[in-house]
Amino acid sequence: HGTCHLSSRFHFGVLVFVGALACSVLSFLRPTINAYALNSIALQIIYVMVTEIKRCANRDVLRLALMLVILWSLAIACWISDRFQCSFWQGLGFPYLHSIWHVMIAISSTYCCVLFSYFEAVTEVPHLKPRVCYWPKRSWEFGVPYIALEAGQANGKSC
């Protein structure tokens, strides 16, 4: 499981920190390059997501992944349209695509974090029977997704 072959969590943390620092510095020095670099992270996310989905038969998880792809695609479409057709949208009196991009990517990121949390929970604590739920109503797919864990024997750990 997983695509990272680092020797420890510490090394992984250092790698993430250096990457975040580089992206932050790049956002000030070259914002356009930074935007494309951040969007290219999607390629790794898609690869891992497809790999994990192939092992998954849970319909709720598959629907969550589908919603993630739809929302992310809409967000990217807004960003591309805003980036390359800005004058067209301003001419129509609708200069809001960039703000819609931010909202859609925030929602997509939430779905992505929950989806990958599910993959991690299934791998690390399968005995807790993780499942995808939505707030405010557990079965409502247009709510805020979260992972519910069933209380059980959990290695004697307590939080």
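For all residues, glycine too, the Cβ spot is worked out from N, Cα and C.
Keep in mind that TrEMBL annotations are predicted by a computer and have not been checked by a curator.
It should be emphasised that the depicted structure is a prediction, and the values quoted were computed from it without experimental measurement.
The feature Zn(2+) binding site is assigned by TrEMBL to His98, His102. Taking a C-beta cut-off of under 8 Å and a sequence gap of six or more, His102 (Zn(2+) binding site) has no contacts in its own chain.
The annotation transmembrane segment is assigned in TrEMBL to 12-29 (among others).
Sequence annotations record features per position, and here TrEMBL assigns transmembrane segment to 62-80 (among others). Sequence-distant contacts of the transmembrane segment (62-80) (same chain, at least 6 residues past either end, Cβ-Cβ under 8 Å): 39, 42, 49, 53, 56, 97-98, 100-101, 104-105, 107-108, 111-112, 114-115, 118, 132, 141, 145.
The transmembrane segment annotation in TrEMBL covers 100-119 (among others).
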Task: Folded-back contacts onto the transmembrane segment (100-119), same chain, C-beta under 8 angstroms, at least six residues removed - done: 45, 48-49, 52, 56, 61, 64-65, 67-68, 71-72, 74-75, 78-79, 82, 130, 132, 144-147
Task: Intrachain C-beta neighbours of His98 (Zn(2+) binding site), sequence separation six or more, cut-off 8 angstroms - done: Cys78, Trp79, Asp82
